[in-house]
Amino acid sequence: MRFVERLLLENQAWASEIKHRDPNMFDRLSAGQSPEVLWIGCSDSRVPAEQLCNTSPGEMFIHRNVANRVCPNETGFMSVLEYAVAVLKVRHIIVCGHHRCGGIKAAMTDENTGLSHLDHHLDGIRNVRRRHADELAEITDDAERLDRLVAFNVADQIRTLSELPLIQAHWSRHQLPTIHGMVYALETGRLREIQRWNGEGCERVQACAV
């Protein structure tokens, strides 16, 4: 059986199972959405937001790109953020990185990947690496160093997010949304929160993280 054919069959099985378990769910979803969370995650196929958070359709508004970057100069990213904050009025924004991230690994050096769009996308992460070069150099284990840059990158992205005029304006009126920086461990399946931002500033959730 071809892969796409299997996907279609799996979809039919999933829809039937949902209909049996919750007969009204698709009617509710057809009526609209009111997610609590905007999730900004990595495109990596091993990090599916809904599954790892055990949420149902309609609970999370999701944007994914390589290495979970906040991209103020990209219309696609900003349209998602604007809609989530101004229209859906999400109460939380989660920026989630993950261990063994290929995008972060590519940004560990200044060597071009040969993919022009990807290299441009990774420039900001390479700048994060340079700012933390001394601390990263002290880590002898390659995997640990990579995961440390993952955490630094998450912290940098939520800081960038907190400085956007759109977020600042909503904080001045509502003190929402709260911004959470998280890291997902592929090796355990566990999420951990490392930083949290709101209208009053930054809270370091785990002192050992960043």
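The backbone N, Cα and C atoms fix where each Cβ goes, glycine too.
As recorded in TrEMBL, the features of this protein are as follows:
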- C42, D44, H98, C101: Zn(2+) binding site (BINDING)
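Same-chain residues at least 6 positions away in sequence with a Cβ under 8 Å from that of C42 (Zn(2+) binding site) are, in sequence order, R64, N65, V66, A67, N68, C96, G97, H98, C101, G103.
Secondary structure from DSSP puts C101 (Zn(2+) binding site) in coil. Around D44 (Zn(2+) binding site), the same-chain residues six or more apart in sequence whose CB sits under 8 Å from its CB are H98, C101, G102, listed in sequence order. Within 10 Å of the C-beta of C101 (Zn(2+) binding site) there are 26 other C-beta atoms, taking all protein chains into account. Around the Cβ of H98 (Zn(2+) binding site), a 10 Å sphere holds 25 further Cβ atoms from the protein chains shown.
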